[in-house]
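Input: a single structure, listed below in structure tokens.
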Amino acid sequence: MLADSLSSCKVLVVGAGGIGCELLKNLVLTGFKNIEVIDLDTIDVSNLNRQFLFQKKHVGKSKAQVAKESALQFCPSANITAYHDSIMNPEYNVEFFRKFMLVMNALDNRAARNHVNRMCLAADIPLIESGTAECAHLGYDIYEGMTECYECQPKPTQKTFPGCTIRNTPSEPIHCIVWAKYLFNQLFGEEDADQEVSPDTADPEAAWKPEDTAARATASEKDGDIKRVSTKDWARSTGFDAVKLFNKVTAVRQSELLFKDDIMYLLTMDKLWKKRKAPTPLDWQQLEDSGSGLKDQQVLGVWGYCQLFQHSVETLSSHLQEKGEGAELVWDKDDPPAMDFVTAAANLRMHIFSMNMKSRFDVKSMAGNIIPAIATTNAVIAGLIVLEGLKILAGEVETCRTIFLNKCPNLRKKLLVPCVLDPPSANCYVCASKPEVTVKFNVHKTTVLALQDRILKERFGMVAPDVQIEDGKGTILISSEEGETEANNHKFLSDFGIRNGSRLQVDDFLQDYTLLVNVLHTEELEHDVEFEVVGEAPDKAPTPPSNQEEANSITNGNKDSAQPSTSSKAEDDSDDVMIVDSDEEEAASSATAKPAPSSGTKRKHSDAETGETSTKRPRTTQQSSAAADNDDDDDIIALD
């Protein structure tokens, strides 16, 4: 019976990296015959020490395609489809996900995990999530309405730093690395006003008196022949002539601008250095050759990094020229010249601010948010994922567990620690009955574009949000249709009558997801803080169905279950799955939706004044007759 299910069921594997390679190999050896794998990445030399489906001859090729070809050598009769693409592209919609009986995540970033979580909830497909945090791993299953989804538990926020710290007073290597990545974008990539690298004269800690500003500027001109221009303005002054801007002479001048003149200017902001060690400017002409190789694990001398900086600028400028006028480069940790540039620039800044310099390997790990992974833990987690998948196919959902793989044995001398799956969180803004949050920001300073990019996309993980103001008129603030509302982008939210207490209905039709945003206006946010999320999902998530009863509320995603079997067993806490993936995150969620009556329309929100409900678009109806006879035994643990 189970063998028949293995040969007939369709499985989607998202990610073909460390865990993904092991997982794909395990699936074909276990007997799975119909597998689709998707990964946007290409193979890098650094992957070869743990991603054993790849060899040196495959460097530069698609991970998904090569993984498919290698896995077929284990089982030539398997039917494997590979996509060299992003799972977040619109063509991989809810209907695409509904083709599968199981989805298995082997991802390394939070945005993609959030997206797959929502797509599986909408399609009512079981998801098995996994991930890695240093040497700790986690895996678990996600069942819509019964267990936590990946976003039920808040994840550690991606670390950010105040602009004045990055530009004026770095105290840790990561500050210098972030500055170097900003510098890359200022010179070669898309200009971003929030990623300026020149000294921040508005730094509140510097606290210059207005009347002193002119005198200090004059003094700095005399002392260091310094002209205050931003990096982008300085680049513009060359006319963006690639030859003039990036040739050897210009590379030297750029080094002096960034590592001498800017530092001398910082020294005039003397209040910054009363309790800190002042930086030491670098002078290209006074540096001596310290000689050294260019191995990833080696820390070069100052002169070595100066040469590396010069060489990387020349190489990147050449690449920019080849792309043509108006082109931009995108920083990629796996692009050697881009990585050389950030390594060199960051280390020179570390030296200036009296920090120990770092090897290229260390810089790459921090710049790319890489959490080191090893082959053995990847293999263990991949095996656990398959075991959880077998339980789901056998209808033994009650025995599913979240599994942690610890670095050291616990007090009971166990490395693998299974945990009962938790029920949905009452505060989840994804799988609650009526997802709702309160966001605090200044409506007079927050633009429509900032709402779309910073809040809805970055904070709440949406891909293509549509925003409607609940003002009784149904005003469309943001449309996912290209060009429809671009004229609104740089207007402030207050220009549209949005004020304290306003409500915004946000729909992402790709994710089949609706969120109600309550606006809380404030003028008292901390420096460099654009917004704060102060409330989440006041409505409780639906309790796990008991016996044959189902909740009647409309939720994100249908309540139908895509699970192949409806067997109900007594819960056993001995089995569980563990998956852990990368990017300073813990493991993610995996869910199997238990059967429940499906809804034919998108979740509705009541209008505060009229009491009427409104929907923007109908959603595809999907019925499922499977019974849900388990209570809150199954749950999800998300690791990010």
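Placed from the backbone N, Cα and C atoms, the Cβ positions cover glycine too.
Small disclaimer: the values here were computed from a predicted structure and weren't measured.
The range from 129-160, 193-224 that TrEMBL describes as region 'Disordered' is residues 193-224. Within 10 Å of the Cβ of Cys152 (Zn(2+) binding site) there are 27 other Cβ atoms, across all protein chains. Look at the Cβ of each of the recorded sites Lys155, Lys407 and count the other Cβ atoms within 10 Å; the largest number goes with Lys155.
Of all the recorded positions in the record (Ala112, Lys407, Cys431), the one with the smallest CA separation from Cys164 (active site, glycyl thioester intermediate) is Ala112.
Comparing the Cα of Cys428 (Zn(2+) binding site) with the Cα of every entry in Asn49, Ser86, Asn109, Lys407, these being the recorded positions, the smallest distance points to Asn109. Summarising the environment of Ala112 (ATP binding site), the number of other Cβ atoms within 10 Å of its Cβ, over all protein chains shown, is 21. In this structure, the CA atom of Cys149 (Zn(2+) binding site) is 19 Å away from the CA atom of Gly15 (ATP binding site).
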